[in-house]
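Record features (TrEMBL):
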- 18-303: domain 'Acyltransferase 3' (DOMAIN)
- 398-531: domain 'SGNH' (DOMAIN)
- 33-53: transmembrane segment (TRANSMEM)
- 93-112: transmembrane segment (TRANSMEM)
- 119-142: transmembrane segment (TRANSMEM)
- 148-172: transmembrane segment (TRANSMEM)
- 193-215: transmembrane segment (TRANSMEM)
- 221-238: transmembrane segment (TRANSMEM)
- 250-277: transmembrane segment (TRANSMEM)
- 289-306: transmembrane segment (TRANSMEM)
- 318-336: transmembrane segment (TRANSMEM)
Amino acid sequence: MAMILLSSNSLKETFFTTTLTFYYRRIYRILPLYLFNILFTLLIVPIASFTYVQSDLWPQTKSALTFSTNFAMLFEKHDYFNTGLLYYWYKHYWSLCVEMQFYAIVPFLLYFSKRLPLLISLFLIWPLIIGGCVFLIFYMLINYGQNGAQFTFTMLPARIYEFVGGFIAFHAQQAIDIYFDDSHKILLAIKKTINSVITVNILTLALLILALYPVKLIDVYTLPATIVLTAALIASIGRTKEKNEMKFSLLANKFCIFIGDASYSLYICHWIIVFLGKLIFGEDQQHKQLILIACFIFGIFVHLCIEKPIVEARLKPSTFFPWLIITYLAIGYVAYNIDYHPEISNVSKDLFHNKSMLIVNKTAWEDIILEIHPDISAEIGVLSWYDLCKTGKINDWFGNGSLKILLIGNSHALCIVPGIKLATKGMYSHLKLFTEPGLTPFEGFQYGRRLPELRQTVKDFKPDIIYLIFKYMDDFDEPTIGPVDFRVQTMQEMTDFLSQNSKVLFISKMHFYIPHYSSLKYAEQMYHNGWSKDYLMKQKVTVKKFEKTDISETARNKFIN
């Protein structure tokens, strides 16, 4: 971007002309394939997904069309790494949205930069921007917990240092060309070494190792390392077309060049293939490899048949923009009006709403089981999610009994409501819910939200019975706050508090043990695979993790007990 906007040719043009040309090139390069994937997703998802509903797809499409997916994910508290976001069809667009938002401001940044002395930009302006970005990252992480982490991952102000690395590389190359003249033999030797193919290959190998090393490295170190190495690599290459020595570089390999050319298609199209693959195959490792291969094949096909012909056509704005407007309108119309969803059978509805009450009657239930087949199981999975787990419209139920019952948990606690109502039928006068998406009801965990309000609710409500039900959360494995013994202590303190403020406390063992379970995933796989697949959930025993850690014997035993 710096080369384009600060080249000798662009400097001869007006700022307005250069900026418009830059914007058009970026729009022409990015939007056709971007819109193609949106349209393809709109057409294929309703056909392939058993659980699809239009109300989910339209808001996501609006965010994608306006390049605000990262804002939507932040405001809706959607974590990109949450495996439950399989049905967020454009979630990978967050990074391209950051890129497009940066394109909107980059001409103005560079317009300001080129009016300052080169060394001022190189050693003052860009380092100050990086320093401000780093300060913002730590400020958000320290003060806003999980929301801060989501902000720093998906929002431009916390990502701008990555782009600035490229500006520094460009200005460093300029400084080398200006200040490394014939009178500085030592500097000339350094320049020759920096530009050597050996150095280029070393930097390239280091970047490949960071990218392809099969163990996830710590982001706080690897992201800055990647930016620094990439900037150094770009600065050392300079104008590669003028250097014959680059023909010996790894970067000149024809396969690497081809994958680089196809990388945008691979990025744009991969998630819909992952989505379809997970619907059909599930999560096992063998099928993940097949999905990866399918992503490459489909991405390369799109590159050769769609992306490359469009780029080579070099359409003029007078031709391109009318097609762009028509495509936008067509996508908006399809996204807003398409409403395909299989009608749930009356048998499933009756079973879910009425006959499920007979589960306590063994004889009646054995008769009902004879009616159940995979399609009904899939439909019940859909009903359980959209009727209870997702909507959660009712937070209080009133009965003819005498007990006050409080249900505490995250969104998955809502799925347990029918069972609790059945088990306590005729016993409760008031059944109250305290639920929060992503809630882990203990301090010291990144998903530990609304804990003061939770404690106050317990004190005010004065329940006779408390049900503590929440799905296994990732932050049990990788907590971000405090040592392990502190986390165990806070778990014990909360359970003590709940016990002291109720007559009976029930804690759901199942929800500790089953990670990443979703009735929607179950419904999709049941619909696609029937009962021929093994649906046993992978189990994690949280207690065993504490048994293996170096914490106090008293704290561990209290937690296990």
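Just so it is clear, glycine is given a Cβ too, placed from its N, Cα and C backbone atoms.
Sequence-distant contacts of the transmembrane segment (119-142) (same chain, at least 6 residues past either end, Cβ-Cβ under 8 Å): 113, 148-149, 151-152, 157-161, 164, 167-168, 171-172, 175.
Nonlocal intrachain contacts for the transmembrane segment (221-238), taken as residues 6+ away from its ends with a CB within less than 8 angstroms of a stretch CB, comprise 161-162, 165-166, 168-170, 172-173, 176-177, 194-195, 199-200, 203-204, 206-207, 210-211, 246, 251. Residues of the same chain lying 6 or more positions beyond the ends of the transmembrane segment (93-112) and with a Cβ under 8 Å from any Cβ of it are 1-2, 5-6, 15, 18-19, 22-23, 26, 30, 34, 63-64, 67-71, 73, 80, 154-156, 159-160, 163, 167, 267-268.
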